[in-house]
């Protein structure tokens, strides 16, 4: 039987009192409220096998449609950065603000074995999902630290990864799975350092934090949390702070400089990273708009986790307060800081009036209900909640969680929701994965705003989702003495929500251009080199989408960026330019038939290849 390490688990004040030594079923209850016979039961091994199997199945099932990137930024950026890191330094410049290269470093070896974009993408998805399922291991170790035996710890860890906030990401080659994997080990390293402060454990903890930062620039929030936590640890263990703080500063600066170097080498214009854009958010946002975004993102996590994030938030807050009152800084303070800083950074980042109040232009819904930047820390809250529920939790914290949810849900439904364009684009379902189970309630057509949500109108999603969250939290006190029933119901709920959330989405690969290039190569017998005409500006963001897509999807061909008006001439006879290219007649260029893509097409400049292709009937006149 696993005993909770003192201080490594939520304080015992949250658990049933010592007086309740008998459960009413003839089994003895420990002082911390855990029923020995129940937690030692063979049932938990069966539950663990089912939960792990469900986690594997959900990731496999949802990833089956991942045959090509969904987004030319969040997915193609790391894939092309991986190509650069693998040694191909002639990668076509990428559009966008860029992404830190931690995930790309993991993918880089793939380019040594294949340059087929479709196969490479599917391997990247596979690696991400292997990491997602492998995260069960560090989460299980964390649950063990908090007092659960192996089988219950394995069960709740797998269950936490079955919720849609995690499983929907299986349909992408994003950095999210890698971020949570590294974060889970970082929290374990924090536990190890807190239990026995040594120089070696301090170094390991700092390196784990820096590895998280290398995965994504938004993990700067974790760096700040770690710095504060190490500083607070100085009261009892000054050597930890003396070693950890300078090392954290050096490694974080090294991550930033290395990332800046990679971004300079791969981005158009040589600038990138999201920290520099945060200043614009502070300048353009407002306190009222920030409050709306903060409420919405908090509400979305509670609904998307069937109330577990709210329970975890209460438990972690009480845990942290308990540590601060005794000035014994430990896991509670670190977890609270990690979750709170991630939520605040996400809310600050998405306080974007240009996106939130789009008017009659391109309307984005995802910025109102964005969950991706918080999903990974919400998983930690879910794990804490599940551990507390299985160990036995008093009615008070559960009622407090219900009250916390009500305090968030009421202003969301009564104040925020009436102005949200529920018909807007999600810009990739992964952005709002925690809420994707409810997408059937999102209307396809616009309706007049503001509109107060009711049970039956077009804006009813907010009411029904809030009722679901409240019902789940209301059921917890009723089932708190039946952990096996509670875990069974939660696992069934998680699987149902994830299957309901399984996205059906377009994969807009430039197949028409790729097939046109292949037809050209079949005639010429040589691998084509292609120029992308940057001077051709299509509608909206199409120029930037096509840029990123071509560099990746036409691999292993050499694709270069040309801009004749700015002094960068074409150096290939094959040019991707506007479908109605104004300069085509002047240059003598002819369009390859059936090569249209996002308002662009493949053209052939005058020369031997053009004559051969015209004779083969591949060109439009």
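Cβ coordinates come from backbone N, Cα and C, glycine included.
TrEMBL: automatically predicted annotations, no manual curation.
Under the heading region 'Disordered', TrEMBL lists 1-29. The transmembrane segment annotation in TrEMBL covers 42-60, 98-114, 120-141, 148-166, 178-194, 299-321, 333-350, 370-390, 397-417, 461-479.
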Stretch with greatest number of CB pairs under 8 Å, the transmembrane segment (370-390) reference, 299-321, 333-350, 461-479 candidates: 299-321
Cβ pairs under 8 Å between the transmembrane segment (397-417) and the transmembrane segment (299-321), at least three: yes
Cβ contacts under 8 Å made by the transmembrane segment (299-321) with residues that lie 6+ beyond its boundaries: 10-11, 13-14, 163-165, 331-333, 335-337, 339, 369-371, 374-375, 378, 380-386, 388-389, 393, 397-398, 400-402, 404-405, 408-409, 412, 432-435, 437-438, 465-466, 468-470, 472-473, 476, 490, 493-494, 497
Cβ-Cβ under 8 Å with the transmembrane segment (461-479): same-chain residues at least 6 beyond its ends: 299, 302-303, 306-307, 310-311, 389, 395, 398-399, 401-402, 405-406, 409, 412-413, 417, 420, 422, 435, 438, 441-442, 453-455, 485-486, 489, 493
Residues of the parent chain within Cβ reach of the transmembrane segment (178-194), under 8 Å, 6 or more residues beyond its termini: 7-8, 102-103, 106, 128, 131-132, 134-135, 138-139, 141-142, 145, 166, 201-202, 204-205, 208-209, 211-212, 215-216, 219, 222, 229, 233, 240, 330-331, 334-335, 338, 375-377, 379-380
Distant-in-sequence neighbours of the transmembrane segment (120-141), which means Cβ under 8 A and at least six residues beyond its ends: 52, 55-56, 59-60, 63, 66-69, 75, 78-79, 106-107, 110-111, 114, 150, 153-154, 157-158, 160-161, 166, 169-174, 176-178, 180-181, 184-185, 187-188, 379, 383, 555
Chain residues outside the transmembrane segment (148-166) and at least six past its termini with a C-beta under 8 angstroms from it: 1-2, 39-40, 44-45, 47-48, 51-52, 54-55, 58, 132-133, 135-136, 139-142, 180, 301, 304-306, 308, 371, 375, 378-379, 382-383, 386-387, 390-391, 433-437, 483, 487, 490-491, 494-495, 497-498, 500-501
